[in-house]
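K.L.:
Annotations for this protein, taken from TrEMBL, read as follows:
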DOMAIN    11-229  domain 'Glucosamine/galactosamine-6-phosphate isomerase'
ACT_SITE  Asp67  active site, proton acceptor
ACT_SITE  Asn136  active site, for ring-opening step
ACT_SITE  His138  active site, proton acceptor
ACT_SITE  Glu143  active site, for ring-opening step
Amino acid sequence: MEIVIKKDYDEVSELAAKYMLDVIRNKENAVLGLPTGGTPIRMYNIVVEEYKRKKILFNNIKTFNLDEYIGLSKLNKQSYYYFMNKHLFSYTDIKEENIHTPNGMTKDVLNECINYENKIKAVGSMDILFLGIGQNGHIGFNEPADFFEPYTHKVILKEKTVKSNSRFFEKIEDVPVTAITMGVKTILSAKKIVMLAIGETKADAISKMVNGKITPQLPASILQLHNDVTVIVDENASKYL
Ligand code: GLP
């Protein structure tokens, strides 16, 4: 794992955006794996600024988001689809059919998981996948567990995750407690992985991910098995490294 420690959020975001822009510039039909959460917002802002300067195009780019809440429609402001439109897609010429997020409104979750996994397989592999990390070491919505789930699957969110994500909702009761997420094998199938982490609340998870044992109790630790991972952290998140 390559670890890059940057001064602050802006510097982390600038480097992460550079990784995304390089892939988009060098491969017009690139496949991007994308995260949500507070951390990647500035990275998306920078990419949008570059798009507005007409330096890049999205018309042949395909995207796959890591996860989606079950029970939230695309029109729901808290859905990850809505988040992606708000922070990235709506500014660009990306084609709607090239945007992929798990369908949180499906009546058949198992089938949706299989379909989503197949859609990713059908494009070959993601050229680059960006990740955030939960305070408990989750990636996507792969929560600490007794075993790794390889493929796209349904998860029941941990109390800590619901609490932490409740800052985006009016009240904690509104936070869905289930979600669909790529599995760890899906994540590891990306050619390149870039993780972003900001702030002291992530420091413990980052240190365990980098220096701890590979364990499903800290899902991000599985990234030690991938041969092209760059972890970009600010000074606070690097505190225990
Ligand atoms: C959610 C997402 C994760 C993300 C995490 C951290 O749980 N499913 O993909 O990494 O939030 O979010 P933040 O960047 O807001 O700390």
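Here the Cβ of each residue, glycine as well, is placed from N, Cα and C on the backbone.
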K.L.:
Look up Asp67 (active site, proton acceptor) in the DSSP assignment and reduce it to helix, strand or coil.
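P.N.:
Going by the DSSP assignment, Asp67 (active site, proton acceptor) falls within a strand, counted as strand.
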K.L.:
Helix, strand or coil for His138 (active site, proton acceptor)? Use DSSP.
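P.N.:
In three-state terms, His138 (active site, proton acceptor) counts as coil.
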K.L.:
Using the alpha carbons only, what distance in Å do you get between Glu143 (active site, for ring-opening step) and Asp67 (active site, proton acceptor) once rounded?
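P.N.:
Distance between the two Cα atoms comes out at 12 Å.
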